[in-house]
Structures are given as structure tokens and as C-alpha cells.
Amino acid sequence: MDDVSKCPFSGGLKGFKNKDWWPNQLDLSVLHQHSNLSDPLGEAFDYAKEFKSLDLDALVKDLHALMTDSQEWWPADFGHYGPLFIRMAWHAAGTYRIGDGRGGAGTGQQRFAPLNSWPDNANLDKARRLLWPIKQKYGQKISWADLFVLTGNVALESMGFKTFGFGGGRADTWEPEQDIYWGPEGKWLADERYSGDRELAGSLAAVQMGLIYVNPEGPNGKPDPAAAARDIRETFARMAMNDEETVALIAGGHTFGKTHGAGDASLVGVEPEGADIAQQGLGWASKYASGKAGDTITSGLEVIWTTTPTKWSNNYFENLFNYEWELTKSPAGAHQWTPKGGAGAGTVPDAHDPSKRHAPSMLTTDIALRVDPAYEKISRRFLEHPDQFADAFARAWFKLTHRDMGPKARYLGPLVPKEELIWQDPVPALDHPVVDDKDVAALKAKILAAGLSVSQLVSTAWASASTFRGSDKRGGANGARIRLAPQKDWAINNPAELSKVLAKLEGIQKEFNGSATGGKKVSLADLIVLAGNAGVEAAAKKAGVEVTVPFAPGRTDASQEQTDVESFAVLEPTHDGFRNYLSGKQWLSGEELLVDKAQLLTLTAPETTVLVGGLRVLGANAAGSKHGVFTTQPEVLSNDFFVNLLDMGIAWTPVDQGEHTFEGRDRKSGAVKWTATRADLIFGSHSQLRALAEVYASSDAKQKFVKDFVAAWTKVMNLDRFELKA
């Protein structure tokens, strides 16, 4: 294109952006991603409805046929695409991490940068192109996100393995997710994420930039199986897997297929996002011989683990323990392992040439399962009990591919397993009539007469509901887990104060349920939210605005037995800008952490703004902190936060070296009038947030402020009410 310089958009596209001029500028774009403006299917599109109309049997049949329909442009190893599709599904799901719930297979992100071009995803572009005719045939009845996972399941089934089940319901997104922090590195395979004694930063799980899990050659390419085991344990734990699940996943996945390192890796071309336009989204074009089939280079490793690479067997463990292993190198120069003394020669088939046979081979991360004492014990048990291995792999694979979907109620289709699994955070089914409008009014009156403050009511409801994460659909008010371990003991929830509030609400619940007729009941989960609503209404009334906060009963109360304490521990907030809470060492600024929390709550910038302003004056700060409480009339739902923040009569100065907290002094008298954190002052400092704050600080904003606060509040209270959105 010769006239690129004449394009009116060229300068805008290539010129400096605000972020280039001001690298530290707070980025709010993550609060507005995945809008209808980027969705070609439109706001009215209902994926669940489309999926329910899908002929799933026909789709599965087509996928089975695809497995052995080898294409000349990318021939199937061993005549079967199953191993390639298992890797595709694994890598789609394997980006999930428990720290913030981000990543995973839930939105089909493997189609977009950076994931479509990660070194660890090399040649998975071919898998997606092989799938395209089937996706094209079934159209919008199956999302790419669901198709990735279902194809992985069918691949396993086609090679003789019985999977645990499949739940559909993953709706595609249409642009890269910008909210996920993949690491600080600016180069592929760098590992600046570590500090101290190999301590992994923040919520990160993978060991290097561009890897899904760990380096198969060992830490930083050093072939040390014991050190690799340490990396494996840390990384898989951060992806919600225990030792048994980890061994099962590694061994189960490596029962099939091979790795690819036929020759010099320097002959492999650039990734899809860096490829020429004529490549049409394909990358890693190789100049080594034919560049495909037996000449394929992907990881640089050339490993075939078993004698039956397209059939489920126990041969992975048989080979792992029947041979003694020595370090060698692949044709591409990568570290791998082969049996000592030439043992096993001729037992493994070649992927493309029937006249060739090989010895089995292993990765450093495979040898780790024999070297690490805990992994070795599990591996030997699986060797001796293949049925236990098959069950463990089936369950771990299901968990891997469904972990980011949230509760079982979100799963769609006839293949959903009936068994309730603890990691799905189950809540009891609703088995009683719920309260009506008359009951709601009576309950709110009792709550307001119970001697609890607006601050207590609002804080408790927020603490319960705001555990929700839009990333993996965990947390939220349903289940009333705020009364259970570990949430009842979290420092941010002020356990002593929380127990008093819950005791009062439990008393009201017991009284109502004991006197209600017709089997009608109110759950504590519902009552906590209703109490928060009552507090908001009372505070609005004090501000001169009559409002009814919408309330949808139907939540139920989970038991401690339904609550995995260790699993829920990762939901404990280390920060919540909405409550002006910050604990320990953080890797982001207070304002960045506020945006991070808002994004997990699926909030927009206007919703974030109005909620912070409202929660401050309602007294919802953790531990009763006065930071950001810019009002002389607390527990009144006024716009005082914005009015006083934008008051030019106040000058702000930091009071600590890290500039986390600030004093606001009267410019004339010099007296301290307010204190604040970065999560407060950002609404006056950041030009976009200040523009929003000005709306709510205006003299005509009283009604709008309350109305918008109630709408955003209700959204948060109902974030985990998936049945309301069905």
C-alpha cells in the first residue's frame, strides 16, 4: 500500500498516544471492554438459547470424523489429530489462575493476541483452522470457547478414554482481554516475575512469559527434575490443582501424541500476530525441509512418551518406571531424556513413517514425577492402579476445562455430570416459597429497628456480595458464606463487628421462618442483602430522596461442608478501594488496585465512581477508617464526597513516604479538614474520573446520584444471581 502516508487515520494509529506521553496514567479502558460495540451478534443475541438448539450428537459425530481426516497442508501425527486438539483445549483452559480468577477457556481468548501468538501455543493456529469448517457449519449455536473444550473431550473419547462430562455455556468475546496481567517481562520466555527464593509475583502462575505452565526442559531450560518439580507444584497449585490432580494431568496428557523438534528452531518464522498479511493469521511458517509432518518444529523438543500415542493406556507410567533415564538432546538442541543403554529402542512408532521405530522419551518435567517423593508416590499408585489413574485424570481434566465457569447452574447441555463437586462452590437448591413484597417491607422495618447502623448494614451486604469475581464467576452473596470459614475471619470484614450484625440478622431470620405460613422462608443470604438495601433506603431518605432498592429473593445458605476453606481463602481481599482497604505489599498503586477490583466486579467507570462516592459517606470503609469520608453528615446518601473532593479551598499533601495517604488542609487556615488515600484522590486527579465526579458534584445531581448509586449497588448485589439473567 503505497499511499499509507495519505491515510487520514495513519498518523493517529502510529502517532503517540496519551499512554506514550504519560506512561503512568491510570488506564480505565479495562472497565469498558467487551461492549456491544465490538460484538457482531448484537445485544439481543442469547447464546444459551442458541446452544440449547444445537444438535450436539451431530456435532460430536463431525468432531470424531475430523480426528482422523488428515489434511495435506497439516498432516496428523500418527494419522490422528486427537493429541493436537487435546493440547489446544488444555492451553485454552490452562491460562486460568486462582489468584484473580482470570484466564481460562471461558471466552475463547486463544483466538486473540497475545495468546494466539505465545511461544507455548505454537502451531495451535493449525488446530483452530482445522476446526473452522465445523465451526462454520454450526455457526452461532456453538461458541469457539465451547468448541475448544468439547473438541478436547471428543479427542480423548476418540482415543479410548472416558471423560467425566462437558458443560457448555461459554459465550465468546470479540476482542483481546486487556485486564489480565501476564507479567512484567518485555521478552518472550523471560522470567522477571521471580524474586527472592524463586517467589512468583502476584497472581501469576506460569513460570515464564509466553508459557502456559512450566518450562518442559526445567527451570530456565536447566534440566533439573527436582527443581522442575518445585516449579510444577507452585504453578499447578496456582491453577487450583493439588498433587494428585497435577500428576494425573501431566501423565494423562502425555499418554497421547508427541512434541515437535525435528530441526533447527531458528528456521521457524514469526508468530501469527507478527506474520505477513498474506499468511492470513497463520504463523510459525518453517523453512526446515517441508515444515510439516515429520519436519515439524514447535517446542524444539522431540518426544514420544508411549508405545500407543493415539490410544489410552497406562504405558506412560510403565515407561517412566521401567527404564532408567539419561539426559540427551533433541535434533533442535533441546534437553530431553531417553532410556539408558539403548533400552526401549524400536518400541515407539514414528508419527509419519511406518518404516521407522523409536525409543520412548521423556521431558524433564516427566522425570520430575519420578524424582519428587510426593509425585513419585502418586505415580507408583497410578502405575499399580490404572483405574484410579483414569478416574483422577477424568476428574482433573473436567476441573481444568470448567474451573472458570463458576457454579454448576451455569453449565448447559446433556453431558453435564450429575455429581456435585466441592470446587464448584455449590449452594443448596431453592426448595421453599420466597418472601413477597409485604414480607420484604416487614423485614426491612424489623432490620431498621434492630439497633444496627446504616454503616453496619451496608458494610455487611457489601462484604458479602463484593467477593464476586466476574473472571471465574466465584464469590458473591448467594450462599451467605460470609458467616462461614474462612470469610467470617477475614481482617477486612472486622470479624468482631461482623458477628454482631450476623447475630441480629439470624435472630430476625429465625423469628420470621418460625412464624411464616405455607413453608415460606427467608435465607440469611437474602436477609443480608435486604439489610443492606434497607440501609441504603434509610440513608437516601435522610438525604431527602425516597427510593426503593430493587430486591430479588431466592438466594440460599451454603453449609460449611459445601465450602472448601482452602479454595475460598484465595478470595480474601488484600485490597478493596471501595472500602478504602489496602493490606501488605502491593504490586500496583491504590488507584490501579481500585480499577482492578472494579473490573472483577464488572463495573464501568461511572458505576465505580458513584459507588465509591456513596460508600464513603455511608461509612462502609474497612475498620471504620475516616479516609475519604468527606462529609459532616455520615450515613446520609449525599453527594458530599464529590462536592468536597472538588472544593478548591482544600489543598492536599502526602503524609507518608510512599504517598499512599494524604491530608486535605484548608487553604486559608491550614487546618486539616479531611484525610484520603490514592483511591479517593484519583477522582479529582484523573481527568476522566474528574469529569464523572463533576457530574455528581453538581447542584442538580442529588436525585441522579441516588438513582445511579442504587442501580450500581443492585448490580453488585445480584452479580452471582445467574438465574435472573437467564
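Glycine is treated like the rest: Cβ placed from N, Cα and C.
According to Swiss-Prot:
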- H91: active site, proton acceptor (ACT_SITE)
- H254: heme b binding site (BINDING)
- 338-359: region 'Disordered' (REGION)
- R87: site 'Transition state stabilizer' (SITE)
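Between the CA atoms of H91 (active site, proton acceptor) and the residue listed as 'heme b binding site' there is a gap of 14 Å, rounded to the nearest whole number. Classification of H254 (heme b binding site) by DSSP places it in coil, neither helical nor stranded.
Here the recorded positions are R87, H91, H254; the one with the fewest Cβ atoms within 10 Å of its Cβ is H91.
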